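One structure below.
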Amino acid sequence: MPGELVPADYFAPFNVEEIRSNGRPLEVDLGCGDGAFLLAMAREYPDRDFIGVERLLGRVRKLCKKITRSGLSNARILRLESRYTVEWLLPKNCVSRLHLLCPDPWPKYRHHRRRLMQNDFFEAVRQALEPGGEFLFMTDHEEYFHWACERMDAYGKFERLEWQEDTFFYPKTDFQMQWEAEGKSMWRLRCRKPINA
Ligand SMILES: C[S@@+](CC[C@H](N)C(=O)[O-])C[C@H]1O[C@@H](n2cnc3c(N)ncnc32)[C@H](O)[C@@H]1O
């Protein structure tokens with residue numbers, strides 16, 4: 001489908017040139033859903049490349065159509081699982097910003113092990129980010145947020161940065177708009193891979 005990024009090999013990391021043109025900054029949105037955030041970012045930053053990762057075929061199809069209609073050449077969508085993408089397909093030191101926005105909080109205790117925000121995932125994120133690259137996580141789920149922050153602090157290989165709503169341009173995601181309309185507030189975590197890591 002136009003707008004879709006199809007790996008040449010699902011069992012080896014991408015060649016950097018496949019996903020990032022001429023050394024431009026690359027941003028990856030994990031679980032991009034219907035893509036409102038991805039498209040708004042691609043429109044705002046025509047000099048950066050964007051990849052949305054989404055596992056549901058229906059959402060991928062809709063987003064491919066939106067990308068085609070928008071005429072944006074710097075946004076693509078990868079139909080794949082987020083953790084697999086970060087652990088196995090993203091080359092090391094190549095992502096400028098990695099976004100994880102409103103992921104499933106898996107609220108039941110027995111499902112906590114399915115949560116993305118854990119040690120192995122942090123390590124894969126750190127490896128994929130370029131030095132100085134950032135990881136941004138946002139959720140409406142307060143318990144998941146504190147749970148994730150505890151694990152991030154224990155992991156200890158990122159620097160925490162301030163992130164207020166107006167710190168930089170950051171369009172609202174579909175789920176964020178839905179949850180804010182229900183009166184929920186969002187919890188934000190912004191981390192940086194140290195320059196000398
Ligand atoms: C709650 S929605 C949030 C969508 C978007 N980030 C937003 O904030 O509007 C979560 C999205 O992530 C996708 N998703 C959930 N788990 C995933 C995974 N492991 N790999 C890829 N996509 C996933 C879901 O299909 C869904 O579209």
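Cβ atoms are placed via backbone N, Cα and C, with glycine included.
Just so it is clear, the model here is predicted, and its values are computed rather than measured.
According to TrEMBL, the feature S-adenosyl-L-methionine binding site maps to Asp29, Glu54, Glu81, Asp104. For Lys108, Asp140, the entry in TrEMBL reads substrate binding site.
Residue annotation for S-adenosyl-L-methionine gives Asp29, Glu54, Glu81, Asp104. The furthest Cα pair among them is separated by 14 Å.
Close to Asp29 (S-adenosyl-L-methionine binding site) in the fold, though at least 6 residues off in sequence, lie Phe37, Leu38, Met41, Phe50, Ile51, Gly52, Val53, His99, Leu101, each with a CB less than 8 Å from its CB. Cα to Cα, Glu81 (S-adenosyl-L-methionine binding site) and Asp140 (substrate binding site) are separated by 22 Å. Cβ-based crowding with a 10 Å cutoff singles out Glu54 as the top-ranked of the binding-site residues Glu54, Glu81, Asp104, Asp140.
Listed in sequence order, there are no same-chain residues at least 6 apart in sequence whose CB falls under 8 Å from the CB of Lys108 (substrate binding site). Secondary structure at Asp104 (S-adenosyl-L-methionine binding site), as computed by DSSP, is coil. Same-chain residues that are not part of Asp29, Glu54, Glu81, Asp104 yet have a Cβ within 8 Å of the Cβ center of the S-adenosyl-L-methionine site turn out to be Leu30, Gly31, Cys32, Gly33, Val53, Arg55, Ser82, Pro103. Listed in sequence order, the binding-site residues among Asp29, Lys108, Asp140 whose CB lies under 6 angstroms from an atom of ligand 1 come out as none at all.
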